[in-house]
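> Structure in structure tokens, see below.
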């Protein structure tokens with residue numbers, strides 16, 4: 001059954017045997033514009049509703065429907081999910097976006113080399129057409145831990161930052177509102193660390209952007225939905241296919257040929273892997 005709406009969170013209401021006909025009950029839900037989804041899992045079918053729909057009421061209505069009650073005048077409580085509520089539920093997502101904008105402005109989209117030196121993964125200097133930089137382990141041992149994460153906040157052109165922050169908002173706030181800000185924070189720290197170190201290893205310190213984190217978000221959401229179909233974040237599978245195509249295209253060099261600039265392909269791949277790795281860890285704590 002198609003899902004009406006792109007809901008921020010879905011909760012399981014009940015499970016019934018696969019051979020039990022739910023079409024009559026779901027027709028009533030659609031009639032009253034109650035978003036829901038029926039999902040087959042093994043020999044059972046699950047009824048899911050968005051988090052802002054009162055699942056207990058839906059379960060009670062199902063029992064009443066089974067008993068032949070008249071549900072023509074039903075009313076189901078739905079809480080609002082816009083305005084300040086969305087802001088409060090996605091404060092960390094908004095903070096990451098704000099810090100990205102601020103640091104990108106500070107480095108003037110990469111034109112301010114002196115300020116960039118505070119946010120790159122290691123200190124560097126430019127002499128002629130050569131870039132000299134310090135050792136990563138030496139930098140970390142010297143207490144410059146922030147450098148492991150701050151490259152993610154720098155962006156070097158407007159399409160770069162707009163594209164990245166759009167995905168951070170769309171996917172990041174869904175993960176934050178569903179699984180909580182600690183999960184999103186852990187995902188950011190781990191994916192930023194992995195993607196920044198990996199990219200530094202292959203190209204040196206002259207890189208930046210949220211792309212690694214974006215791929216981590218998409219990878220996390222995609223795998224989570226595959227493993228937790230009853231508690232979906234709501235990642236369209238086709239989107240993951242597009243991002244994989246984009247990842248492969250980056251490694252071919254086609255994107256640079258099209259004038260999109262230097263692409264941090266290693267950071268993208270490392271971020272994607274980091275996002276996939278975090279899923280089983282979160283599942284342990286979310287059982």
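Including glycine, each Cβ sits where the backbone N, Cα and C put it.
Feature list, courtesy of TrEMBL:
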type	residues	note
DOMAIN	12-69	domain 'Rhomboid protease N-terminal'
DOMAIN	143-281	domain 'Peptidase S54 rhomboid'
TRANSMEM	90-110	transmembrane segment
TRANSMEM	152-171	transmembrane segment
TRANSMEM	178-201	transmembrane segment
TRANSMEM	207-224	transmembrane segment
TRANSMEM	236-255	transmembrane segment
TRANSMEM	267-285	transmembrane segment
> As a test of reading the model: what is the averaged pLDDT for the domain 'Peptidase S54 rhomboid' (143-281)?
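Averaged over the domain 'Peptidase S54 rhomboid' (143-281), per-residue pLDDT gives 90.
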> Between 90-110, 152-171, 207-224, 267-285, who has the most Cβ pairs under 8 Å to the transmembrane segment (178-201)?
267-285
> At a threshold of under 8 Å on Cβ distances, which of 207-224, 236-255, 267-285 pairs most often with the transmembrane segment (90-110)?
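That would be 207-224.
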> Who are the chain neighbours of the transmembrane segment (267-285) in space, where the CB to CB distance is under 8 Å and they lie at least 6 residues beyond its ends?
179, 183, 186-187, 190-191, 194-199, 207, 209, 211-220, 223-224, 227-228, 243, 247, 250
> In the domain 'Rhomboid protease N-terminal' (12-69), how many residues does DSSP assign to helix, to strand and to coil?
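Breakdown, helix to coil: 21 helix, 19 strand, 18 coil.
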> By DSSP assignment, list the helix, strand and coil residue numbers for the domain 'Peptidase S54 rhomboid' (143-281), in that order.
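The domain 'Peptidase S54 rhomboid' (143-281) comes out at 110 helix, 0 strand, 29 coil.
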